[in-house]
Amino acid sequence: MRIILLGPPGAGKGTQAKLISEKFSIPHISTGDIFRANIKEKTPLGIEAKRYIDNGQLVPDEVTIGIVKDRLTKDDCDNGFLLDGFPRTVAQAEALDEFLKGINKELDVALLIKVPEGFILERMTGRRVCTSCGASYHIRFNPPKIEGKCDICDNELIQRKDDTEATVKERLEVYSKQTYPLINYYKDNGIISEVNGTESINEVFGNISNILGRDK
């Protein structure tokens, strides 16, 4: 099973990716993780990527694609993989398809977790974290017993900069510009499947499992 996972920030992709990886015994390949691994191991591509990152520049497609290609040739990908965070553009998707076709491992499904913007804003802006022990809360879905105080250590709860409304809206705007053309690309290829991401974790995973079971 070879899967691309798509969805906006706050859609729960990380949670679902872990569950999919465990159930179908395929590696969850996050581009962030493989970038960090290549930089840490000082591979030629990692060194090149670090040079761009250190200069505050976007890593060019050829470097990103090279790192992903290298990861997909590992033995643990023989029976499939779940790609999370790549591709981000149609150009990257085309390069990935060309590579996978060349090794006879074409994609089975592009899985899109759909969540309305208002739901994501509520989900992400409501998150709070303890400044001391790192415990996580949500002002609506998992509130602390005392407002603004951690249940565990009684220290202050804060909203991270990444969870402010302005930052979340900015990330959603970037996602829309980048990903809508990508969604249309996979629709044209006939491999996209959509899941409602507003349901519970178990319900979303149940729907994903049904889709992946059909596509096996």
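Cβ coordinates come from backbone N, Cα and C, glycine included.
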Given ranges 30-59, 180-209, the stretch to which Swiss-Prot attaches the annotation region 'NMP': 30-59
Same-site ATP binder from R2, R127, given that Swiss-Prot records G10, A11, G12, K13, G14, T15, S136, Y137, E199: R127
For ATP, whose listed binding residues are G10, A11, G12, K13, G14, T15, R127, S136, Y137, E199, the greatest C-alpha pairwise distance in Å: 20
T31, Q57 as binding-site residues, winner by CB count within 10 A: T31
Around the Cβ of C150 (Zn(2+) binding site), the count of other Cβ atoms that are within 10 Å: 22
Tertiary contacts of the region 'LID' (126-163), as residues 6+ beyond its ends and Cβ separation under 8 Å: none
